[in-house]
Amino acid sequence: MKKQSHSFELRIFESLTELSDEDAALLVQAQKAREDAYAPYSAFKVGAAVLLANRKVVIGNNQENASYPSGLCAERVAVFHAGAQYPGVAILKIAIVAGPLKNSISKPAAPCGNCRQSIFEYERKQNQNIELLLMGTNGEVYKCPSIKDLLPLAFGSDFLE
Ligand code: THU
């Protein structure tokens, strides 16, 4: 038997002021996108802002539906929007701001499994890491160097070859 360990360095910042101007500005765009989330059923709003290699920023927010599974998470709205509008342009970073409407103090939430898989698809395709910046409503920011860190042993296109 062999053993393999998987770990990554999560960077934790106490507030936006500890970040670079670029990272802080991207999180502010995600925060603004969150305000426009359509989340009448869960009352949990998420905003995402994607920074592309052409320096454009594409946003997304969660879009819910009375038929619950028909809704979509903010992260996928954002990366699919980027893929549709700027095909072939690499994604450098994704800033995500999430939290319930009622509770004003929540720690950063990491993307759900489906969103991790979707983000991983783009990271694999562009062969360049996608950095994640996560913020809740308690002010803390988590920075993660690659989506692979959140999706060990990921299923990708290579399995289909
Ligand atoms: N949600 C996201 O937008 N991103 C995630 O990664 C987790 C969950 C949304 C989906 C739904 O509209 C609400 O948050 C509650 O699950």
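Every residue gets a Cβ built from N, Cα and C, even glycine.
Look at TrEMBL and you will find 21-158 tagged as domain 'CMP/dCMP-type deaminase'.
The Cβ of SER67 (substrate binding site) has no same-chain neighbour under 8 Å that is 6 or more residues away in sequence. As annotated by TrEMBL, substrate binding site applies to ASN62, GLN63, GLU64, ASN65, ALA66, SER67, TYR68.
TrEMBL lists CYS73, CYS112, CYS115 with the feature Zn(2+) binding site. Within 10 Å of the Cβ of CYS73 (Zn(2+) binding site) there are 22 other Cβ atoms, across all protein chains.
Residues within less than 8 Å, Cβ to Cβ, of GLU75 (active site, proton donor) and separated from it by at least 6 positions along the same chain comprise VAL46, ALA48, GLY60, ILE94, ILE96, PRO111, CYS115, SER118, ILE119. Taken from TrEMBL, the feature active site, proton donor applies to GLU75.
Within 10 Å of CYS73 (Zn(2+) binding site), counting C-alpha to C-alpha distances, fall the following of the binding-site residues ASN62, ASN65, ALA66: ASN62.
For ligand 1, the nearby binding-site residues are CYS115; that is, of GLN63, ASN65, ALA66, SER67, CYS115, these have a C-beta under 6 Å from one of its atoms. Cβ environment of ASN65 (substrate binding site): GLY71 lie under 8 Å away, each six or more residues apart in the same chain.
ASN62 (substrate binding site) sits 12 Å from CYS112 (Zn(2+) binding site), taking the CA atoms of both as reference points.
CYS112 (Zn(2+) binding site) and TYR68 (substrate binding site) are 16 Å apart (CA-CA, integer value).
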